[in-house]
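Peer 1: After the structure tokens below, expect a handful of questions from me.
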């Protein structure tokens, strides 16, 4: 996967390129990230990238010319057909389904806004999709872009050592993940559930599904309304709820 990033602060993306799974993916040639700074495309000695909005109001907007030229440069550098994304509070909220959808693209250009945003005509003429990471305000689009890169790259074949890791993550099947345990077997008097030490893979899978359903019911019940549970899942959830009520008495 190739990702081009348009940002006034390209140095921020070193946290993606130099560390963790994404860094390893870059070293393996599975992921490529390039950055373009609109300041490098300005036409004045002050390298101006912002201007006042028509109609007045607080703040400034990113100027059209430097931003458009940066987008053009990124498009031309892309190895193939490219989808251009603007990280925006007005965009579609990113979730696991959206991540998997975006992961089907081989090339992405991500535009990171600053100030009060960008000229609407840039969105109309240059942007294919707008995406948001939530209903809250950030100072720029860099953190959302890094979030998108991190989440999408997990679905690039070979990026994760075990692709099942991505398939079993929280939200991969619409549910929260189940609890996980490692050594020591007993910690502060709390033991690892015996089923996980049994070696019975069928029982372990059943326990994990039950815990996943139960955790979703406890913490994000609205997610269950979007799922068509199997008969077995319905039974496991009912069993979890019953046990939870018994423990709370």
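Counting starts with 1 at the first residue shown.
Note: Cβ is positioned from N, Cα and C throughout, glycine not excepted.
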Peer 1: In Swiss-Prot, 133, 134, 135, 136, 137, 138 are given as binding S-adenosyl-L-methionine, so which of 113, 158 is in that site too?
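Peer 2: Matched candidate out of 113, 158, per Swiss-Prot for S-adenosyl-L-methionine with 133, 134, 135, 136, 137, 138: 113.
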Peer 1: Mind checking which of 133, 137, 138 has the fewest other CB atoms within 10 A of its CB? They're the binding-site residues.
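Peer 2: Each of the binding-site residues 133, 137, 138 was scored; lowest Cβ tally within 10 Å is 137.
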Peer 1: Which of 113, 134 (the binding-site residues) has the most other Cβ atoms within 10 Å?
Peer 2: 113
Peer 1: Just report the maximum Cα pair distance in Å for the recorded S-adenosyl-L-methionine binders 113, 133, 134, 135, 136, 137, 138, no decimals.
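Peer 2: Answer in Å: the longest Cα-Cα distance is 16.
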